[in-house]
Structures are given as structure tokens and as C-alpha cells.
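*Asks:* Sharing a structure here in C-alpha cells format.
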Amino acid sequence: MKQKCVLIITDGIGYNKNSKFNAFEAAKKPSYEKLFKEVPNSLLKTSGLAVGLPEGQMGNSEVGHMCIGSGRIIYQNLVRINKAIENKELEKNENLQKLLAKCKRVHIIGLYSDGGVHSMDTHFKAMLEICAKNGNEVFAHAITDGRDVSPKSGLNFIKDLKGFCENLGVHFATLCGRFYAMDRDKRWDRVKEYYECLLGKAYKVPNLLEYLQKSYDENVTDEFIKAAQNENYKGMREEDGIIFINFRNDRMKQLVEVLNSKDFKEFEREKIFENLLTMSVYDDKFKLPVLFEKEKIENTLAQVISKAGLSQLHTAETEKYAHVTFFFNGGKEELLENETRVLIPSPKVKTYDEKPQMSAFEVCDAVKKGIEKGEDFIVVNFANGDMVGHTGDFNAAIKAVEAVDTCLGEIIECAKKHDYAFIITSDHGNCEAMQDEKGNLLTNHTTFDVFVFVQAKGVSKIKDNMGLSNIAASVLKILDLEIPKEMNEALF
């Protein structure tokens, strides 16, 4: 069976039997049509317990890529934190106790929704409660979502938070959309707006809930809410404690850097803060205490390939580069021996409905070059289905799928020419459900299964009831390498 192999991850493209508001179904996609007819295919589970999340919880790119790259189900921080809250372990956490003892005033910052991709509203509330019951003066800084949940769901979430804060005697201090507070693309002007807000230098309002409603009236939805502060909030002091409740790292790193790094040069800062505590490890370069340390994941797909002396290429555009490197490699940043990484810059547009093809064709070229060079294994992510799906623009999402389809056709042709096997799948769905039955926009991921196609010597059928954790062993089987005991079985 031994063959070189390309693993193609078509981010945000899932299977929805309902063709209404389904951008995948509506797209012209000759490459996919050919795959369905000619290549062994099946469906994989990408949500809930199949990827280490709570039952019914939609999957996401971080979890999906970790599952694919490690070849096993890793119980995600979301599940670990839920358990720690239930069994009261969180309030006993040593790093949390140290911060609460040291700092009288404590600020809780995070995305406030039940999306479960970056954070969870229940975690935010649990932290407010622990800090308030400890006798600290507590400030809530809510970041509105509108991306992993519907665009105007923030009103109910913020109403809930405001009432919760009032009952606890906690200050509801600031409000800001994730577009500003959670940028990950080095748009420092956005982060600066939020930094100024935390310092008490933003637009002041008597009621943050009314401010949110007013933003809706002006057609500004949750993701894009401009930073505002309660008129009684006077800003953070340098001796205050700051707790970040997002468990996913990629969209909190820049904010932590702005608040804490002594070497930060992107804009002038009035204050730097030392007493920070993060929910998980945001970046190894931050020497900060964390609530939930990383679980060590050994014998990942990339490690096994590297140890065997084979070469591998990991490529994607900016938006998904961390997913095919850091997350795919089991939460490790370091480059492995014989591993090459190619980062293709994402287009500089405000939202990707402005350019639905994104940088797919450049990513496609990088893959073809890798095949022509003879890389033993290539993993690539096409971001379009997900990133354009998040905009809620149905027509743009159709164009996104069509761009991916064109790229698939080119890669498949190149793979066949050079006798490569290929596996095509997605980390989760998104663009296959762009509106609900009432016509409300759906910008979030779905819980639908995703397609998997395997073209390799000797493969004629894929087993039933498989998930993302069965892909790594499949790649190793194609490469004729030993499958480590930590991995789940192959798809065939």
C-alpha cells in the first residue's frame, strides 16, 4: 500500500441533507461531484464527545485539528473546566488562590456567550462568583460574540450577565465586540481601542445593556460592538489582578501581550500589568501562571513521520496557519526535523465576503510545489468554507466553496500524476447551513457530520461510525509506518 500522501482539510464544509441555505449544495463543484462518484467516501463525526467536547457541542478548528493530528480524542479544556467547576476544584486552584490573596481588585475578561469555541458563559459566571465570595472587589469585562453564536444573541447574554453581576455585587465595567478585543491578525489599532477601554478611557454610558441595543439600532451587531464602559468605571490599576477566562489561546494572545509585555512596541501604553492569570497556556513566551496546564500529547502524526525520517509540509493561509502547525502537532510550536511550513498571507480585507476565494489559489500552488518536490506527507487547510461562512453572506459562501472545489481539482490531478494518495475531509461544518428556518443568519459552526474521501492503493471502502481521530492512523497506514498505541484505528 505504501504511497506518499496529501491530507486536505476543507475548513467549514459539512454535510447537511437540507439543501435550503446550504452554500455547499448551491455551489458548482465538479471536483466534488467526481469525488462522490469515483472515490471511497463516508461521513465523520466532528462534534460532541467524538472530539472530546460536551455532548451536542459543535466542533471547532482548534479541537478538530488536534483530533486529526494526534489521532485520538483529547478531552478539551471546555470539558476539563466544566468538571473542575462541578467538583469545586477550580476555587481551590493554587494559582487562583495566590492571585486573590495578592490583589484586592480583580478583573474578569472574556468572551461572554455559550458558543463554547473560545469560552463559556458558565465559566465566566463561576469565576465571578468565586472571586466575589472570596471578598475581592470584582469587575466584569464582557466581550460580545456574534460569530460562534448568532449575531444579535448578545442582548440576552448581556442581560443575563448584568443581572448576575447585580445579584453578586460585582461591577459590570465594560463591553466590546470580539472584532476589537480578540483580533489575532496583528491589527493593533483594534486591540488598542480595547486596551484604552480597560484603562477607563472609552465611550462612557450609564447602561451597557441599553448601549448594546442602541448599537443594534445602528446596525452594529455583537462581533463589531465598539468598546464602551460604564460611566462609574474608573479603569484598571497596575496592582489589580486580571483573569482571562477564554480557554482557547489564539484570540487572547495579542491582548495579553499589550497588557503584560515589557517589549511591546506597536503603540504607546500608559500602564503595564503584572498580575495576570490565564485559563490555559496562551503562549509559552508568556511566563504567566495558568489555571489549566497543557496536557502532554506524544506520538502525534507529525512526530511519527518525523521520527521515521520522512519529510512533511504543513501549509495554510494566515487564518488557519496555527491549526495546521501548533494544533495539528498536538499544541507544540517547535518545528520538527524534516518538517517544512509555508504560510500564505490572508487577504487584508475587513471581512472575507469581500474576497471569498481568500488566498486559496496561492495555498493550492504551495501544495502542488510540495508534491512536485516529493514531500512524503502534506497537510493543507483551505479556510474558505469557514471564514466566509462566518460572515453570513450566502452568495459569498457559494463562491468560497467553488474556489475550494477548483483547488481540489488541481491538487487531485497533481497527486495522481505523481502517484500520491489523498484524504479529503473537514474539521467541522459551517457554510452548509447559512440561515435557520426563520431566515435568521447562522454564522456559527454546525454539529453536522463532514465528508471524508480516501484515494489510496488497496482502499475500496471506509468503515462506518468513524471520526476525526481515525485520520492519523489512516495516513500512517498509507505511508506504511507503524501506528502508535495512543492512536485510534484507521478508517479502512
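Glycine too: its Cβ is placed from the backbone N, Cα and C atoms.
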*Asks:* Of the residues Asp11, Asp393, Asp405, Asp464, only one is listed by Swiss-Prot in the Mn(2+) 2 site with Ser61, Asp427, His428. Which is it?
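*Replies:* For Mn(2+) 2, Swiss-Prot names Ser61, Asp427, His428; of Asp11, Asp393, Asp405, Asp464, the listed one is Asp11.
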*Asks:* Asp386, His390 bind Mn(2+) 1 in Swiss-Prot, but which of His418, His445 does that record place at the same site?
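*Replies:* For the Mn(2+) 1 site that includes Asp386, His390, Swiss-Prot also lists His445.
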*Asks:* Taking Cα-Cα distance, which of the binding-site residues His118, Asp386, His390, His445 are within 10 Å of His428 (Mn(2+) 2 binding site)?
*Replies:* Asp386, His445
*Asks:* Nearest of the binding-site residues to Ser61 (Mn(2+) 2 binding site) by CA-CA distance, picking from Arg184, Asn249, Arg251, Asp386, His390?
*Replies:* Asp386
*Asks:* Quick check for you: of the binding-site residues Asp11, His118, Asp148, Arg184, Asn249, which have their Cα within 10 Å of the Cα of His390 (Mn(2+) 1 binding site)?
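*Replies:* The binding-site residues passing the 10 Å Cα test are Asp148.
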*Asks:* Pick the one among the binding-site residues His118, Arg184, Arg251, His390 whose Cβ has the fewest other Cβ atoms within 10 Å in this structure.
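*Replies:* Across His118, Arg184, Arg251, His390, these binding-site residues, the one with fewest Cβ atoms within 10 Å is Arg184.
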*Asks:* Which ones, of the binding-site residues His118, Asp148, Arg184, Asn249, Arg251, Asp386, have a Cα no more than 10 Å from the Cα of Asp11 (Mn(2+) 2 binding site)?
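*Replies:* If one measures from the Cα of Asp11 (Mn(2+) 2 binding site), the binding-site residues that come within 10 Å are Asp386.
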*Asks:* If you count Cβ atoms within 10 Å of the Cβ of Asn249 (substrate binding site), leaving out that atom itself, what do you get?
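*Replies:* I count 25 other Cβ atoms within 10 Å of it.
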